Amino acid sequence: MATYIVLLGPPGAGKGTQATQIVQTFGLAHVSTGDLFRENLRNQTELGQLAASYMNAGKLVPDDVTIAMVRERITRPDCAQGVLFDGFPRTVAQADALSAMLAELSGKVDCVPYISVPAEVLVERLSGRISCPTCGRVYHVTNNPPKQPGVCDADGTPLIQREDDKPETVRKRIEEYLKNTAPLIDYYRERQLLVEIDGTQSIEVVSQQILNAIRKVKAS
């Protein structure tokens, strides 16, 4: 039976690292809305062109377009074992749509790990990010510094801090995320699917707790 996991967590919570671990451990397809948008735009699909028309006008892509992309994606053969959803759903309306979609495939959301990290810790993590404008490599001033301060290890280019990674921008992004995601967290908590994980622990401990939560659900 296919397993369907929704991974939640604010920017800077380490979702990318955990997503890779979950996908490899359970043989799931990794469905990230960011990747899905890029793929549809690149291949100029009908949905991609529709999304582009909104994006080019500076508008948010409507739910039904995002939902249609996800619906198409989860019917592909690599999703037979199940899916890890990353960046979807973002709203309660999308969560309802996902439940309906999975019901058509005789499935349901099995577990929703939520990596919870205090806002100040997230600001510190994210505003310490510096990157190479040439090769795109990302460093962190305390957690993953370059060998030589301010210079990329790979090509010697001076490192920059993206506008997105400046403390005031980061704080706004996190506040926005928490405000928008609160109803979704309540939605899954009410359905007893939410598993809250303390994201301030080491990557290994967070990973172990998430994997154990999923194993428990799969065994029940």
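Glycine too: its Cβ is placed from the backbone N, Cα and C atoms.
Annotated ATP binding site per TrEMBL: Gly12, Ala13, Gly14, Lys15, Gly16, Thr17, Arg129, Val138, Tyr139, Gln201, in sequence order. Summarising the annotation, TrEMBL assigns AMP binding site to Thr33, Arg38, Lys59, Leu60, Val61, Gly87, Phe88, Pro89, Arg90, Gln94, Arg162, Arg173. Under the heading Zn(2+) binding site, TrEMBL lists Cys132, Cys135, Cys152, Asp155. Feature annotation from TrEMBL assigns domain 'Adenylate kinase active site lid' to 129-164. Here TrEMBL flags 32-61 as region 'NMP'. The annotation region 'LID' is assigned in TrEMBL to 128-165.
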Long-range Cβ contacts under 8 Å made by the region 'NMP' (32-61), restricted to residues 6 or more beyond its ends, are 19, 68-70, 72-73, 86-88, 90
Please identify, among the binding-site residues Gly16, Val61, Arg90, the one with the smallest Cα-Cα distance to Cys152 (Zn(2+) binding site). Gly16
Counting across all protein chains present, how many other Cβ atoms fall within 10 Å of the Cβ of Arg129 (ATP binding site)? 20
DSSP-wise, what's the residue breakdown of the domain 'Adenylate kinase active site lid' (129-164) into helix, strand and coil? 2 helix, 10 strand, 24 coil
Which of Phe88, Tyr139 has the fewest nearby Cβ atoms, counting only those within 10 Å, among these binding-site residues? Tyr139
Would you mind reading off the Cα separation of Tyr139 (ATP binding site) from Cys132 (Zn(2+) binding site), to the nearest angstrom? 8
Which secondary structure state does DSSP assign to Gly14 (ATP binding site), in the simple three-class scheme? coil
At the level of the C-alpha atoms, what whole-angstrom distance separates Cys132 (Zn(2+) binding site) and Lys59 (AMP binding site)? 30
Between Thr33 (AMP binding site) and Gly14 (ATP binding site), how far is it from one CA atom to the other, in Å? 17
What are the sequence-distant neighbours of Cys135 (Zn(2+) binding site), meaning same chain, six or more residues apart, C-beta distance under 8 angstroms? Cys152, Ala154, Asp155, Thr157
About how far apart, in whole Å, are the alpha carbons (Cα) of Val61 (AMP binding site) and Gly14 (ATP binding site)? 26
I need the CA-to-CA distance for Gly12 (ATP binding site) versus Lys59 (AMP binding site), whole Å please. 25
Lowest local Cβ density (other Cβ within 10 Å) among binding-site residues: Lys59, Arg90, Arg162: Lys59
The largest Cα to Cα distance in Å among the residues Thr33, Arg38, Lys59, Leu60, Val61, Gly87, Phe88, Pro89, Arg90, Gln94, Arg162, Arg173, listed in the record as binding AMP, is 30
